[in-house]
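Only one structure is covered here, and it is reproduced in the block below.
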Amino acid sequence: MEEELPPFYGESAKPVQATPSSLKMLDVGKWPIFSLCSEEELQLIRQACVFGSAGNEVLYTTVNNEVFVLGTNCCGCLGLGDVQSTIEPRRLDSLSGKKVACLSYGSGPHIVLATSEGEVFTWGHNAYSQLGNGTTNHGLVPCHISTNLSNKQVIEVACGSYHSLVLTSDGEVFAWGYNNSGQVGSGSTANQPIPRRVTSCLQNKVVVNIACGQMCSMAVVDNGEVYVWGYNGNGQLGLGSGGNQSTPCRLALQGVRVQRVACGYAHTLILTDEGQVYAWGANSYGQLGTGNKSNQSYPTPVVVEKDRIIEIAACHSAHTSAAKTQGGHVYMWGQCRGQSVVLPHLTHLSCTDDVFACFASPAVSWRLLSVEPDDHLTVAESLKREFDNPSTADLRFLVDGKYIYAHKVLLKIRCEHFRSSLDNSEDDIVEMSEFSYPVYRAFLEYLYTDSISLPPEEAVGLLDLATFYRENRLKKLCQQTIKQGICEENAIALLSAAVKYDAQSYYGRLPTS
């Protein structure tokens, strides 16, 4: 049975975020609309977003930071100043030269785009003030949105069908547009014509991730909590009740720390820091991956093999879900080319974006695609990149209440202490109280990079650690760092360290009064 749809539904919004992931291998030829581009044009593409009611519109950037658009141009959503469709790419001069960081789009469609400098531009459909410019006139060209955002740097954007959210670098959320179900989070159901900060329960929280369903909104905060508001007719808020919420409500998830949230047409996915997936909301196509088609109004675990999940994906225009594992396997479930897949199905694809290019209807992007060439990395460069990477780590150190992510096999190869302490150990969390967070993080980073980057005062603590673990090369690096950083202000503290650790090689260089 189809889930009941609220009024004013349509082809929906997808939060699309530029992320340095497996998109390096993406072949844009999987997206039908790119068949309109020449081979020469395809080779220049750096980023792309496919949208529209039938995957019939696209915005892409080139290696020269030029912005091009192509397609049917419904409601002026190509930003060209007119409503004429174009079968050939046209340059969007008003944005060319700006680096696109992220963008999202709604049902009209309307577009919300943020640059790498944190500026916000909107254009397209605007019947519900979803452009945030204080009017209800459709925007035929990109408009810089600065009201209440002038001193803010926007780092993430998300669109519902007719409302918009942005996240700033200081963890604040601003919302505007259609608000019939409370999706703007203002405490009322009046439409919001300009950006307004979402407060209530988020007042003193630092938000790190946002997403929009068709008429609902989600935010993940830095302590792993999830806050939800807006339409809840299919249980997509996960609160266990059918009532809409006009202000943020905390999701009850005991013992679970959430990293990311993704919204489908009327369902929601979350990814925890332990690589587990939960789902809730509409399920008439099996999009929750629970093995049946019953809606769920509470978070329900999704079993996707034993491997850790590192990425979740949902696209608001389709009832499709996807996930990628640490081992590189890509799974899909829900509505896939007309079939209802009620359990996660292992695909032959290399990234979650290909699920939506090949199996979703319409074939549209769930995030901003990056098609930059994948430059070769040496073994050493690859190891440096993986330090403190929760996506690939199998071990966490808890120091001063903060996690540092590492890899058991590398630690055992690089350090005699870990070779013995981690041997036959199945623990994935190690609590460390003997050393401070900066010192222990620098030690672990050294094992990945063969170098240290610490002020001399912190290097004293690292020297203590190196002595404790009998890491002689690290001791020499610490001594060198302390030597180079000696000055009158820190001489007494460093002199004490020199005496304590018998670091005679730099003892004699300390300044004397």
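Backbone N, Cα and C atoms are what each Cβ position is placed from, and that goes for glycine too.
TrEMBL lists 65-116 (among others) with the feature repeat 'RCC1'.
Marked as repeat 'RCC1' by TrEMBL: 118-170 (among others). Look at the repeat 'RCC1' (118-170): DSSP puts its residues at 0 helix, 23 strand, 30 coil.
Note on the repeat 'RCC1' (171-223): DSSP counts are 3 helix, 23 strand, 27 coil. Taken from TrEMBL, the feature repeat 'RCC1' covers 171-223 (among others).
The repeat 'RCC1' annotation in TrEMBL covers 224-274 (among others).
Among the features that TrEMBL reports, repeat 'RCC1' is placed at 275-326 (among others).
Feature annotation from TrEMBL assigns domain 'BTB' to 393-456.
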Could you put numbers on the helix, strand and coil content of the domain 'BTB' (393-456), residue by residue per DSSP?
27 helix, 14 strand, 23 coil
Summarise the model's confidence over the repeat 'RCC1' (65-116) as a mean pLDDT value.
94
